[in-house]
């Protein structure tokens, strides 16, 4: 589960109207400067990715939630259902990116302790995990994400992919630990159409401390 900052909006109704409360999503700050991940990811990409793309998901998510709430208040279930695609896409984009920013850092170190033991148990070695997740991410058709997730039912780590902005946990049941964004806006300005170079390079800036914290919470 990820946490994002929210702002509470309260509208007081009249007569039979109920008090409606909605938490408005806001764009989270990055935990580092835009140039902090260079040369792996340029400052220009980070700024556009965060201020334009993620910000757009947040704005559109708020609009979709408002329209859904209005439709439900009017009893128009058909209209409310019609907004579910926008909720899924933009909500997923907000969830995915809020995780993505925190799982990257300049000097991420290496996995250790229980996390490393789990990686060796489920993949044989860190190198095998990197190869499997990289191959899966590179192979995503069109846009999407490659993920290292935790399967609570089977108590093991698992690699999965999701198309577009589909969020991992609601889609597969896996708890997200580390994700690779393979939408072109995440890398094209720097790596052009050579997705493998970007995917292979991103391992140099994995924030393994954050991944471990997510692993411990998932267990």
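Glycine is no exception: its Cβ is also placed from the backbone N, Cα and C atoms.
In TrEMBL, annotation is done automatically, which means it is predicted and not curated.
Close to residue 49 (Mn(2+) binding site) in the fold, though at least 6 residues off in sequence, lie 97, 185, 186, each with a CB less than 8 Å from its CB. What TrEMBL lists as Mn(2+) binding site is 49, 97, 181, 185.
TrEMBL lists 24-104 with the feature domain 'Manganese/iron superoxide dismutase N-terminal'. Each residue in the domain 'Manganese/iron superoxide dismutase N-terminal' (24-104) gets a DSSP state, and the totals come to 56 helix, 3 strand, 22 coil.
Look at TrEMBL and you will find 111-214 tagged as domain 'Manganese/iron superoxide dismutase C-terminal'. Under DSSP, the residues of the domain 'Manganese/iron superoxide dismutase C-terminal' (111-214) split into helix, strand and coil as follows: 54 helix, 24 strand, 26 coil.
Compute the center of the Cβ atoms of 49, 97, 181, 185, which mark the site for Mn(2+); besides them, the chain residues with Cβ within 8 Å of that center are 50, 53, 54, 100, 183, 186. Of all the binding-site residues given, namely 97, 185, the one with the smallest number of surrounding CB atoms inside 10 A is 185.
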